[in-house]
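Following: one structure in structure tokens, then a few remarks.
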């Protein structure tokens, strides 16, 4: 029986293959699968590429750090899991030249396996004018340095560098060191040695401040298996580094870019889903007479339902195969043209997950859009053929729609892997749907009043068509306006996010940090920066304090398990005091202090949101710090969101003014030093010898690379969404074409000229597009504000240009898209059209 039903389904589809409804449904379904797989392939590969670049910047896929040498047998164990290892040791010390000049530097000893991932870029003594990418460190007796060392000590390649008791020949100039750390001492000018040479310097003694790192690299499966074996061996002094803690500027940029890629993916699924919904329901409506006729001929409801389900599954199978193939080809073509501008030698290959995802999207879209209507058709009694004007009840559809909606929400969640993004987008578009119905009815009511006393010309008649068929008009406005909303959202978020990135990383973004500025040097140092014309962030007081209690208890007993080994509990923090909220800080919970707050006797504290989340801190809790040999406590009254990627001085904890004034403190700032004025650093340090300058140019370049890469991915994905949007608009217009042909034929039978019919059709389409644009402008502002605040964490703003551009774009797009539809209205004789209806 099943085989016979399947054969009948194939024959039925073959007979209907010439029908416009089936072709349109197939086109929409193939577009949905192709768009989904294309976006999924692109997102997965670009996301993997950005994660790979982040791993290269960290030095490995897994990094363990400690203040004591790490076990040597870990490298042997890791090798058994197919994981490569490299070890480094880093510490600050003074370097000297033969002429007796000194400079605080950051010494890094590396073993023979370093670097694991991204190569070092250097200029060598043998080829001083050629930039070389090398996958090894210096050999014994050699030192590689960055430009800051040469400038500060007035050295050049081939000269001798003194480090403690060791003497090294400078054979390499480091141009790029991808895994440079984020600690203050990592920003000192770099000196790189072979790890075996560190002992000869005699600089590392008991109590020396030295950081050991072991980097691991391998496939995700190998790293996961190795981590399962390694985790039980970790001691309390071993720290697992993550990007958020080690490089918050890179982490925040990467997180925002990844969320946008997921948002575009979500929008693409919703956009193509609209086309499938419209075409599937139109297809189901056209099957009503045929299904009822089958009932008249004796077919049971189960047989009819099986027949309809078989058709749906065959359509899904065909669309999935063809759509996945088109999506795979399209992403390869796009990446072929984009690869030259991406900071990768080659993007990682994608998995088969996008294919399964595209198939699941097709299945759920068909079940959600077509199955409820076809289910209702299977329940139509034979006498419905004789009374086609009586509408079937839709009350039984609600459970089916509810179940499919829940399944589709689960699909979107799996697609984006972001519950908050999926939830807020779903809520926003749900509210948008209700708004379309409410505002759309109000707009139609307003049109009806305006047309009450107007003439009977072609333009007025076209607009009246919208009022005469409110259900159809609202359905088309729903499709058009939601399509405009999705396209506008992707464009707005893209534009605002790139604008924000560019504002945070201007050409003169701070590339130098100055610390250890003593209070008596404060005015003189600030005056020096102003006179030199170097833009700076202002001087911030800096106090070193360690958390010794939370709510009066041991910190370890007050924080969650995930925060037990947090770096903030293992070291002294940089504290500051401020009267006003610092730039690029935003209060997300609580309130900034006022004069009345300070008079209450309790010391208020403002803490950074990531710091609060990791340690499980909330408003009202108390923190106690040990500063030198004294303790001070304060109550958390506000939580701030900080833009780490701004390269401004940022702090986990801020105190009110003058509370810490009597404690030992210094000052710090960040400023921009033009590349061609690097030699003037020596003059600055000669005048202020106690000050330490930290060069963050390398980290700034890495953040800009991430931004550039994300920007290119965003541009490519936006083009995909734009193309999908245009095709959806066209599909929406084609679904109403049979009605337009029928109406045009009747008008021509009653004597209307072809020109009159053309004007009437264009008037209806342009008005429909303009009204949809107005609706879209209203909805876009609301949904965008929700996404900005709750998901992307960027400040919302009004976009007045939308209120002009969207109605104009809506009218233009429906006009251009409707030209083909209008031509078909006029292409056939009225007799042929009316006889087909």
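Yeah, the Cβs are placed from backbone N, Cα and C, and that goes for glycine too.
Annotated range for transmembrane segment in TrEMBL, selecting from 188-211, 212-235, 236-259, 260-283: 260-283. From the options 109-132, 133-156, 157-180, 421-444, the stretch TrEMBL describes as transmembrane segment is 421-444. Looking at 304-330, 520-546, the stretch flagged in TrEMBL as transmembrane segment turns out to be 304-330.
In summary, the transmembrane segment (472-493) does not lie against the transmembrane segment (304-330): fewer than three C-beta pairs, each 6 or more positions apart in sequence, are under 8 Å.
The stretches the transmembrane segment (421-444) and the transmembrane segment (260-283) meet in space: the count of Cβ pairs below 8 angstroms, excluding pairs fewer than 6 apart in sequence, reaches at least three. Note: the stretches the transmembrane segment (260-283) and the transmembrane segment (304-330) are not in contact (fewer than 3 CB pairs below 8 A, sequence gap of 6 or more).
A contact between the transmembrane segment (21-42) and the transmembrane segment (350-375) is present, since 3 or more of their C-beta pairs, 6 or more residues apart, lie under 8 Å.
Highlighted: of the candidate stretches 304-330, 350-375, 765-790, 765-790 has the greatest count of Cβ pairs under 8 Å to the transmembrane segment (802-822). Broken down by DSSP into helix, strand and coil, the domain 'ABC3 transporter permease C-terminal' (717-830) contains 98 helix, 0 strand, 16 coil.
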